[in-house]
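**Student:** Got a structure here, written out as structure tokens. Questions coming.
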């Protein structure tokens, strides 16, 4: 029991530690990247349980802000192969276990 | 008689039958008359035969037959009652009616014609006109017009007929006629309605005979144009994530952050210093970068400036290069000076030119020193370097607090100029450096002279200063005491240690560098201060001196008396030998004139005396020959440098005899001068002996 408790604590710790948004790959301009990252964090925190709603929110906001048409994938385990417009891709981790990929391609 | 009666009856018949008459009356009377006429005709024909008697004819006796019965014609209507009696209620009795209507209407016809000018007639004509316009073709219009014309004619005929009839029945039947006309008019009015339906019917004959006309507006031709935007650049990207990838990434990031923190803590100060240095370097780098473009532009700007100047002064440049005064051939040994460029600078307008010197390396560059000869007022000084390629602005500008008295280029290092100031300082300017300050400057400590430094000459990096106090100082502490103040000196071109000094009193001392305390020789040269001394560039023994006592004298340093003396009637400011000929020299006087002499041609007079500066009260102070080009520069009191070109007469080389080789070079020049001198010397020698 102690071990499980410790494990839980560790998990909680590492989740806390690792919950900051970490950008894995991006070719956006600085301003755009920061804004998009914040948007993703907001959305994921708001819809912590529902990835689809979070993705919907991100996509709609991005469409309004930066033009159509954006694609958003949020998940914990997936592989992807995408074609994106140059300088319009953001691939980041968040919350210790979530990965968010945002790209534009019309 | 019956024939006459028959004739009369015929007339009676035809008369009323001409006009309109009532049908009944006419018909009746016609019958009777016809019968009578046929009888008469038959009777005439049958006269020859026996008289044919009708059964009901009256039987008359012959006497009764021959009886003449008169018949009278009257306009009275025989049918009309003649004795109508009416009961007059007024008089209560029967009265005979006097007037009886005698009109017998033989024929009446209701017509449908109306007068054109009546209202209905006008209306109809307008309507018919409109209908005529509606029909596009001409023929229906024509036919309608013809129909109108016919109608009109008919109307006119009926009118005429009406008038005639009216005219016939005048007199007793006037009223009846008028009434008849009125009746006719009324009938005519009634008959108006039939004509309007006729008008539309007029179009019928033209229905199948009309011309079509059609037109269409121009339309713009259609053109197809298509374009396609460039496709947005896109890239492919692929990745796979699992939970462990995320974990690993976070762990790595945390480690990196920790390391960064450690680094910051361990070396905070060093990092800061580095940053500062980097910042400074960046600044300087930026500055350099900032400056670079300007310097790059500076070179281009300089070239552009020179080009502009060349264009502006194009004719002068052409003159400088190619113009040779052709009139010199006719002038018989006289020459002229062609003025070329003027050099002046705003800030030196109040300063006098105190020294001119040509750069030994760059033949178009010359230095001018500015100061003031007025010993009471002394202002600042300037050294300007001009080039012939840019007459509008000096290339180099150096300013100093004290007026410049003299300057000279170093012959081996042409970027160094030695300048002597009024306050006794000597400075050396380095043209290669961009600063406007002298590289070296003598200061009070190092034995500065209190009087103005008159002349210096740079020879092998040695600077010899000649002061106004009366001391001469060289770099090795060489000191010579002269009795008067030195005003000018000159080094011998070939003999290194030999030099001449001229004084304010008019004496010229010959000195040597090796003898520090004594001079070799003294010449009683002038009555006033010796302004300039100059060795002849070719002949080893000859030098020239000029003074404010209006004279220019040429000496052989071995002989005490001058070889040639020239009185120029005005204080001579400066004299200079020409670099190309041993016998040519030029002098400037304070009245603004330049004199050029050639001893080879004329020993006593100047070849050219020319006014150089135009303004009054402007004295020319210095003159210099350009070592290469045939021009001289003259400086004056107003800071203006004038360059003049020597005409060919002034530049004459000795004519070679036919068949002989042309010898050029210093030997020739020397020989030339030697010959001249010998002419002068021999009589002297003779005189001495």
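Keep in mind that glycine also has a Cβ here, set from the backbone N, Cα and C atoms.
According to TrEMBL, the feature compositional bias 'Basic and acidic residues' maps to B:1-12. If you look up TrEMBL, you'll see B:17-27 marked as compositional bias 'Low complexity'. The annotation compositional bias 'Acidic residues' is assigned in TrEMBL to B:154-181. Marked as region 'Disordered' by TrEMBL: B:1-42, B:128-204, B:260-279. Residues or ranges marked as repeat 'WD' in TrEMBL: B:523-556.
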**Student:** At a C-beta cut-off of under 8 Å, are there same-chain residues at least 6 beyond the repeat 'WD' (B:523-556) that contact it? List them, or none.
**Tutor:** 487-495, 500-510, 562-577, 579, 582, 585, 587, 589, 599, 666, 669-670, 673-674, 677, 681
**Student:** Report the DSSP secondary-structure composition of the repeat 'WD' (B:523-556) as helix, strand and coil residue counts.
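**Tutor:** Looking at the repeat 'WD' (B:523-556) with DSSP, the answer is 0 helix, 20 strand, 14 coil.
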**Student:** Within the repeat 'WD' (B:523-556) only, compute the mean pLDDT.
**Tutor:** 83
